[in-house]
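A quick write-up on the structure given underneath.
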Amino acid sequence: MAEWLLSASRQRRVKAMTAAAGSAGRAAVPFLLCALLAPGGAYVLDDSDGLGREFDGIGAVSGGGATSRLLVNYPEPYRSQILDYLFKPNFGASLHILKVEIGGDGQTTDGTEPSHMHYALDENYFRGYEWWLMKEAKKRNPNITLIGLPWSFPGWLGKGFDWPYVNLQLTAYYVVTWIVGAKRYHDLDIDYIGIWNERSYNANYIKILRKMLNSQGLQRVKIIASDNLWESISAAMLLDAELFKVVDVIGAHYPGTHSVKDARLTGKKLWSSEDFSTLNSDTGAGCWGRILNQNYVNGYMTSTIAWNLVASYYEQLPYGRCGLMTAQEPWSGHYVVESPVWVSAHTTQFTQPGWYYLKTVGHLEKGGSYVALTDGLGNLTIIIETMSHKHSKCIRPFLPYFNVSQQFATFVLKGSFSEIPELQVWYTKLGKTSERFLFKQLDSLWLLDSNGSFTLKLQEDELFTLTTLTTGRKGSYLPPPKSQRFPSTYKDDFNVDYPFFSEAPNFADQTGVFEYFTNMEDPGEHHFTLRQVLNQRPITWAADASNTISIIGDYNWTNLTIKCDVYIETPDTGGVFIAGRVNKGGILIRSARGIFFWIFANGSYRVTGDLAGWIIYALGHVEVTAKTWYTLTLTIKGRFASGMLNDKSLWTDIPVNFPKNGWAAIGTHSFEFAQFDNFHVEATR
């Protein structure tokens with residue numbers, strides 16, 4: 001447990017000793033005279049010379065892409081519990097900001113998110129799950145800041161080009177409709193809007209976007225640019241007065257706690273508008289704790305936003321478990337409140353947007369950092385971190401070596417804080433299980449002597465919050481159900497008359513968009529189906545495949561039988577597939593291997609070892625046309641695979657040596673309309 005040492009009056013020492021007997025299970029806190037303390041650094045916290053920059057909050061990203069995909073399928077009460085740990089004030093991560101992807105139909109890291117406008121004359125503000133997530137966040141914290149940012153765009157905006165700036169007015173219109181729709185259909189006020197995630201910005205587009213926002217009465221919506229690097233946008237703003245005027249926040253990604261001179265010269269708010277992206281182990285928590293402090297200490301960034309909010313996607317997709325917490329098993333209800341949640345709480349539960357950093361923040365003498373914030377009404381929060389190099393490496397950028405060692409740190413409260421009588425203390429220690437504590441409340445610290453100082457003994461990988469606020473809480477629920485594998489028998493007939501979400505449970509679209517569909521041409525068995533709805537390639541953010549594909553199941557499945565009814569809508573050139581042992585997804589989807597069983601409207605079939613269709617195991621002619629339902633069956637057992645069409649054998653015992661395991665999948669030959677029904681898988685590992 002932490003040893004933190006206080007220079008205090010005799011009255012406080014007596015109080016501490018008498019209280020110790022009744023404090024079983026709480027922190028052991030020895031209090032010593034100043035004269036007995038080991039030498040160490042002294043740090044003054046003072047507002048006499050004014051305050052630093054305004055604090056804008058700590059948040060996280062849902063999307064970029066499909067990172068919350070499995071969350072929506074969780075049964076209650078577990079889904080609500082997960083949301084409470086993320087958003088409920090004074091309970092868990094208690095986030096101030098939620099940033100969501102404006103779905104654009106393209107692959108954006110771990111899947112695709114649907115656009116509200118698949119086609120030029122199409123508008124639907126109930127697709128996907130980001131609307132729902134924003135409402136759930138607002139339900140828990142009405143003051144939460146909402147941000148929207150596009151990663152990809154629907155293809156029609158590009159007019160044949162893979163570029164969103166072909167028609168600046170049209171792209172601005174598309175983005176503004178999303179903001180207007182959020183308010184009209186969901187009563188959500190979007191606070192900030194971004195440009196194009198980690199891709200090129202267009203200065204004229206930003207200016208047009210501002211004008212169009214104003215024309216719709218959306219003057220309150222502020223613009224963040226450019227969600228990439230500091231350099232280009234900052235330099236451009238210094239040279240372009242109109243651009244300078246319309247950009248409210250300069251947002252950089254993975255800045256390594258540093259900003260650049262041009263960004264600071266603008267005087268604009270500086271944000272780390274995407275950061276973290278690290279496995280949510282204790283090392284990830286150390287990364288998060290270090291950058292939450294040092295983004296301001298080193299770079300004057302007043303907001304830090306984590307990618308991603310919750311690791312709610314299949315773990316074997318890229319960046320598995322790189323969320324603040326993990327919720328990737330809706331079939332079992334199991335979830336894990338990971339240590340980054342409690343590291344977040346050290347800042348989020350004891351500050352609010354609109355507070356101000358003190359000017360007196362900085363680095364500790366023997367490693368680590370400290371920040372202090374105030375609401376200007378007498379409240380003070382101090383956050384101290386001593387994260388070691390070994391246990392605080394983020395996924396990027398490269399972290400130069402630094403050393404952290406045991407030290408004594410004396411903090412002196414001056415200015416309006418000199419008369420503060422008491423500070424609440426919250427503590428985290430990362431590392432060995434026997435020494436590990438997460439967001440533990442310690443005995444409060446009384447400051448009864450006249451100089452308002454206290455001394456802490458700090459060791460590596462620790463996090464302290466000392467605050468005048470008494471509202472902190474480590475929320476908890478009964479443990480969720482135990483972890484379970486994806487069911488080895490899984491069926492979905494897609495018979496949902498009024499679906500709450502547009503996507504079927506557990507299917508994770510990797511290229512294309514698969515939605516519940518009411519087939520008015522078939523009032524019978526196939527009245528309700530799952531349909532691939534994109535008819536052109538989106539303006540991509542990643543390397544989307546040339547085929548559409550949605551994965552499902554357990555990545556460790558080896559032997560399985562997949563059966564599905566399929567319906568090709570495109571004559572002559574159309575085609576569909578079912579697949580097993582699919583070994584890649586996300587931004588790697590183009591190179592996915594597996595066993596793919598295709599049929600085509602031109603009367604042919606094919607069996608391939610990859611999604612791209614380069615590895616051909618078998619091919620031939622078959623009686624297949626468009627606009628007819630067929631049943632495909634794919635059986636994979638050991639080193640061999642077989643396929644059936646309408647329950648009749650079409651090909652048998654084809655050798656398949658690689659891959660050994662992977663997901664099940666459905667998809668289409670190109671960006672084309674097609675339907676799927678009565679999906680059924682039987683699997684063994």
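Quick reminder: no glycine exception, Cβ is built from N, Cα and C everywhere.
The Cβ of E198 (active site, proton donor/acceptor) has 15 other Cβ atoms within 10 Å, all protein chains considered. As annotated by Swiss-Prot, active site, proton donor/acceptor applies to E198, with the evidence given as similarity to another entry.
Annotation for E274 (active site, nucleophile): spatial neighbours V61, G64, N197, D227, G251, H253, Y254, I305, A306, W307, criterion Cβ-Cβ under 8 Å with sequence separation of six or more. Secondary structure at E274 (active site, nucleophile), taken from DSSP and collapsed to helix, strand or coil, is strand. Residues or ranges marked as active site, nucleophile by Swiss-Prot on the basis of similarity to another entry: E274.
A coil conformation is recorded for R396 (substrate binding site) in the three-state DSSP classification, outside any helix or strand. Within 10 Å of the C-beta atom of R396 (substrate binding site) sit 12 other C-beta atoms, taking all shown protein chains into account. The annotation substrate binding site is assigned in Swiss-Prot to T109, W151, N197, R396.
The Cβ of C394 (disulfide bond) lies under 8 Å from the Cβ of Y254, D275, F276, S277, T278, G284, C287, I291, each on the same chain and at least six residues away in sequence. Residues or ranges marked as disulfide bond by Swiss-Prot on the basis of similarity to another entry: C287-C394.
The N-linked glycosylation site annotation in Swiss-Prot covers N143 (among others) and is backed by sequence analysis. Sequence-distant neighbours of N143 (N-linked glycosylation site) (same chain, 6+ apart, CB under 8 A from its CB) are H96, Q352, P353. N143 (N-linked glycosylation site) falls outside any helix or strand according to DSSP and counts as coil.
If you look up Swiss-Prot, you'll see N379 (among others) marked as N-linked glycosylation site. In the three-state DSSP classification, N379 (N-linked glycosylation site) falls within coil.
Per Swiss-Prot, the feature N-linked glycosylation site maps to N403 (among others). Around the Cβ of N403 (N-linked glycosylation site), the number of neighbouring Cβ atoms within 10 Å comes to 9. A coil conformation is recorded for N403 (N-linked glycosylation site) in the three-state DSSP classification, outside any helix or strand.
Secondary structure from DSSP puts N451 (N-linked glycosylation site) in coil. Using a 10 Å Cβ-Cβ cutoff, N451 (N-linked glycosylation site) registers 13 neighbours. Summarising the annotation, Swiss-Prot assigns N-linked glycosylation site to N451 (among others).
Cβ contacts within 10 Å of N556 (N-linked glycosylation site), excluding its own Cβ and spanning all protein chains shown: 14. In the three-state DSSP scheme, N556 (N-linked glycosylation site) falls into the coil class. For N556 (among others), the entry in Swiss-Prot reads N-linked glycosylation site.
Among the features that Swiss-Prot reports, N-linked glycosylation site is placed at N559 (among others). Around the Cβ of N559 (N-linked glycosylation site), a 10 Å sphere holds 15 further Cβ atoms from the protein chains shown.
Around the Cβ of N602 (N-linked glycosylation site), the same chain contributes D572, T573, each under 8 angstroms and 6 or more positions distant in sequence. The N-linked glycosylation site feature in Swiss-Prot is assigned to N602 (among others); the stated evidence is sequence analysis.
Annotation source Swiss-Prot lists signal peptide at 1-42, citing similarity to another entry.
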Taking Cα atoms as reference points, rank the recorded positions N379, R396, N403, N451, N556 by distance from E198 (active site, proton donor/acceptor) and give the first.
-> R396
N197 (substrate binding site): tally of other CB atoms within 10 A of its CB = 27
Cα proximity to N559 (N-linked glycosylation site), best match among recorded positions T109, N379, R396 | T109
To which of the recorded positions T109, W151, C287, N379 does the lowest count of other Cβ atoms within 10 Å belong?
-> N379
Rounding to the nearest whole angstrom, report the longest C-alpha distance spanning T109, W151, N197, R396, listed for substrate.
-> 20
Could you tell me the C-alpha distance between R396 (substrate binding site) and N403 (N-linked glycosylation site) in angstrom, no decimals?
-> 19
